[in-house]
């Protein structure tokens with residue numbers, strides 16, 4: 001089947017706002033900003049009801065802005081809950097497709113690390129998040145003046161292996177262990193996407209897919 | 001007449017279509033059969049992941065093939081039940097997002113109602129009441145179609161769906177997935193009377209058997225025992241086994257459908273679902289129906305298997321009757337077809353109003 005993709009990105013979008021959607025954990029986070037004076041962030045604990053309320057909360061949250069005010073969208077691409085992440089990614093891809101604006105898929109772990117860096121952490125930040133089958137998601141980021149540098153890409157591995165990797169790390173490291181509820185880092189998600197936007201990145205919606213880390217059958 | 005863009009992702013086909021009244025303007029389907037083949041069946045999480053990768057490109061494609069833009073679309077629909085929850089949620093979420101953005105009414109559609117409406121696509125003059133024999137990998141039902149949204153299930157399988165039985169028996173015979181087409185092809189070369197297999201009857205408490213319900217687990221077990229025995233004595237006579245199994249299923253479905261149509265005074269049987277492609281079922285049902293002056297409708301194959309055109313066709317009629325779904329509509333893995341009207345909770349809007 002031949003599939004034609006719409007032109008990647010508009011050169012000079014009308015909108016000036018960025019919208020971020022975080023659905024990778026049990027709480028649902030939304031953030032919107034024009035990166036000047038207007039900035040709003042909200043989270044809801046929706047759990048399994050996310051699919052039912054996502055759209056009505058989204059449309060209420062957007063006001064007083066409208067869809068045409070958006071210049072780009074950011075979404076948490078995982079790792080995290082498979083279904084929740086998928087709902088956010090499908091919503092974000094469809095919004096970006098229909099509005100013909102860029103979409104930035106941002107790692108949930110990177111958003112957590114960026115939130116930590118804003119607290120003044122200067123050492124490298126290791127993020128550990130529980131995965132299925134006794135494994136953990138892990139990644140290591142270095143805060144920089146322009147955001148984050150990835151030292152270890154998001155990965156999934158057995159806990160022992162991850163701990164061994166951390167103990168063998170030669171530089172100072174701050175470990176952040178996350179159990180649940182990272183929707184509040186949606187603000188960091190938006191900030192990271194904005195950094196990309198400022199650097200001229202205009203990612204196409206088709207490039208953003210969930211990062212699952214694990215497969216239900218294949219090992 | 002209304003034009004609707006519909007999305008269907010209830011199982012392993014990602015599909016989008018645009019339908020105006022009962023005319024298909026576009027219908028695109030991305031099958032996942034090859035993806036699931038190596039697992040010997042559908043893996044729900046894998047199906048959901050595939051839907052995410054494909055759905056947005058198909059939306060663009062369906063709209064462009066229809067030659068329409070959003071201003072010409074009157075409503076957005078999606079299958080919301082029954083099906084694989086994760087898979088349903090992908091299509092439902094995409095459809096709600098478009099409805100929100102394009103400011104269009106949203107219509108959730110029951111998957112089985114969609115299969116009923118597949119018959120309207122090939123026979124636009126068809127009118128209720130009629131009987132629908134729905135046979136697929138997930139469903140085996142006899143549904144009394146009374147009106148749009150008004151259905152009564154008169155018979156159903158008590159265990160495996162007919163298509164599921166084909167898949168499982170194919171596996172017993174070391175054949176490829178999906179089993180239906182492979183068994184059908186082999187059955188052409190075999191003797192349907194080579195092996196006597198049990199039809200599967202559903203007992204009633206007061207004695208006798210249910211006239212319309214079916215059961216395929218006993219048949220499947222009989223094939224298991226037979227293949228084990230045959231394997232001990234040499235190579236499996238797969239063509240004869242396939243022909244005998246297919247004939248047994250076709251006879252069981254035909255007997256119940258004919259009895260049901262006659263008992264309820266319905267002169268038309270519309271067949272839907274992937275098993276409607278089965279040549280054995282077509283032959284048996286056509287032959288038996290003609291003996292009783294009943295009309296049998298088999299939609300074209302592309303509308304028998306899962307597709308979005310049938311979902312859009314059902315949505316058009318609901319839309320024109322003022323039925324609207326809430327954007328808070330959830331996905332349900334199970335939902336009796338008799339409860340279809342519960343999907344439409346938004347205030348009724350008069351057509352054109």
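Including glycine, each Cβ sits where the backbone N, Cα and C put it.
Among the features that TrEMBL reports, Fe cation binding site is placed at B:111, B:115, B:306. The feature substrate binding site is assigned by TrEMBL to B:134, B:135, B:136, B:137, B:138, B:167, B:180, B:184, B:278. As annotated by TrEMBL, domain 'Gcp-like' applies to B:23-312.
Projection of TrEMBL feature records onto the structure.
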{"residue": "B:111", "record": "Fe cation binding site", "DSSP class": "helix"}
{"residue": "B:134", "record": "substrate binding site", "DSSP class": "strand"}
{"residue": "B:180", "record": "substrate binding site", "DSSP class": "helix"}
{"residue": "B:278", "record": "substrate binding site", "DSSP class": "coil"}
{"residue": "B:306", "record": "Fe cation binding site", "DSSP class": "coil"}
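Listed binding-site residues: B:111, B:115. The one with the lowest count of other Cβ atoms within 10 Å of its Cβ is B:111.
A straight line from the CA of residue B:180 (substrate binding site) to the CA of residue B:306 (Fe cation binding site) spans 15 Å.
Residues B:134, B:135, B:136, B:137, B:138, B:167, B:180, B:184, B:278 are the ones the record ties to substrate, and the longest Cα gap between any two of them is 18 Å. For residue B:136 (substrate binding site), the same-chain residues that are 6 or more apart in sequence and have a Cβ closer than 8 Å to its Cβ are B:115, B:161, B:162, B:163, B:272, B:273, B:274, B:275, B:305, B:306. Between the CA atoms of residue B:138 (substrate binding site) and residue B:111 (Fe cation binding site) there is a gap of 11 Å, rounded to the nearest whole number. Between the listed binding-site residues, namely B:138, B:180, the fewest other CB atoms within 10 angstroms of a CB are found at B:138. For residue B:111 (Fe cation binding site) paired with residue B:278 (substrate binding site), the C-alpha to C-alpha distance reads 21 Å. For the Fe cation site, the Cβ centre of B:111, B:115, B:306 serves as reference, and the other residues of the chain with Cβ at most 8 Å from it are B:8, B:10, B:79, B:112, B:114, B:118, B:136, B:139, B:272, B:273, B:307, B:310, B:311.
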